[in-house]
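Some notes on the structure that comes next.
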Amino acid sequence: MGNWVENEGLSIFVVLVWLGLNVFLFWWYYLVYDVPPKFFYTRVLLGRALALARAPAACLNFNCMLILLPVCRNLLSFLRGSSACCSTRIRRQLDRNLTFHKMVAWMIALHTAIHTIAHLFNVEWSVQARVEEKGTLAAALSGLGDKPNESYVNFFRQTIANPVGGLYVAFTYLAGITGVVITLALILIITSSTKTIRRSYFEVFWYTHHLFVIFFIGLVIHGAGRIVRGQTAESLAEHNPEICYKNFSHWGKNAACPIPQFAGNPPMTWKWVVGPMFLYLCERLVRFWRSQQKVVITKVVIHPFKTIELQMMKKGFKMEVGQYIFVKCPAVSKLEWHPFTLTSAPEEDYFSIHVRIVGDWTEGLFNACGCDKQEFQEAWKMPKIAVDGPFGTASEDVFSYETVMLVGAGIGVTPFASVLKSVWYKYCHDATNLKLKKIYFYWLCRDTHAFEWFADLLQSLEAQMQERDNAEFLSYNIYLTGWDETQATHFVVHHEEEKDVITGLKQKTLYGRPNWENEFKTIAEKHPGSRVGVFLCGPEGLADTLNKQSISNSEADPRGVHFIFNKENF
């Protein structure tokens, strides 16, 4: 059970605490509005819908307080890099920031739906009470405020019947207008955040996500109209609603039951969100400041398989293995930032990214760098590039384990390029202090061209390990998943040659997909009693497979082998 918790994206403890706080807030605020005499007369007008609207509102405040924190990347990177406040287990939770961000977003959507539906009933009943025939308690309460020295409990002061009255509230009252605006903004943000939209129409996702500014502005002023009203403490001392409601026609005539007085609830949302909003504002200011620092493109390399490599330099830039940056190219788009894993090593005097050409923005970057031209491009003709980062990821922890499994799929191999380069540099100098003793590297590609840009690095590392008489340090398996054994029969004749005909490496290319169960069992047998780090940069389907294998092949005994699953998230 413990290892299952450790391998899940977010620990069960974190999820249970978060869910528990949501349940507590919902139930607490439900009772606040459903039990005390302060809202007795408000409940007469609105019934249980009052509490059903206010309880999710409290949960919305709580989750809107949390939603910005997981995307404060500089704050998370600072915490992640601080050994004083971050153990390995806590860093693993910080690496799941986007998972938590999405969970909180869905919780916001759920409570928004409950809040909205409850208020639809509240508006209908408030409007209905204003046009109801006199002689009922609801009509008497709705009439309060029409005379001098009276305060109203029914926020709807017009005498317009439904459905026009309901529309009047939605589009003329501050709470109605802001409610409509923030609900529409939330719908657009969530629907444009689906995996299909993000991958195929990233610009749509990028721009609609910035509707969060309108969402938070609307959220903060949503309660300023104070439409939820309760009896004042002074009035409750003179007028007991549980007794006086029976004699509503004699209010003001009987000294024991004076006319009740009401006041609106002060807006509370700003108290919940002002802190995170300030942190996020600081985050954006830091990003803006860093984006203004000069970045020089020193080299552009065109690799096969529609991939280009950008080598860059920036004053004061420091990185760790596996980190990523956000890149903006104003020549392509003045607003869009795109994340890319760094493929260079910290030991190199430049930093680099590999960009696969798969959409409009990457195509624009390809053309802006002159890659569509045959002639040599001068450095001064390179486009201006802005860089924000670097930011920490799970791959930073590779050197914290003695044994690791690195699994890359296609262009997902990029974070491990940085890791393997750094290993190579460490072995070139002095690897005696290196905790990492064994790397199992798996690369899955559909096409042979994808191997070409990475094969040189593997060849260098392979030669270095043999030179140092440590060939067992790196075990790598390259799988050509787009082919099967039948399609690869014409390569069989070359199987006995010293080097693979596709990659030029001593290790032969394999065809099809790995048998992960066998791979995990073999590694478990070779490294009993070890904590094996499993690092993936690849699709969700493969992540699910590796996560399940990490759990099923870990022993219950704390002294046994344990596979710790880590996935890149950005």
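For all residues, glycine too, the Cβ spot is worked out from N, Cα and C.
Curation does not apply to TrEMBL; its annotations are automatic.
Check TrEMBL against the ranges 50-71, 204-225 and you find transmembrane segment recorded for 204-225. Only residues 6 or more beyond the boundaries of the transmembrane segment (204-225), in the same chain, are considered here, and those with a CB under 8 A from a CB of the stretch are 60, 64, 155, 173-175, 178-179, 181-182, 185-186, 188-189, 192-193, 197-198, 264-270, 273, 277, 335-337.
Mean pLDDT of the predicted structure over the domain 'FAD-binding FR-type' (287-397): 84. Beyond its flanks by at least six residues, the transmembrane segment (12-31) meets 4-5, 51-52, 54-59, 62-63, 66, 93, 100, 103-104, 107 of its own chain at Cβ-Cβ distances under 8 Å.
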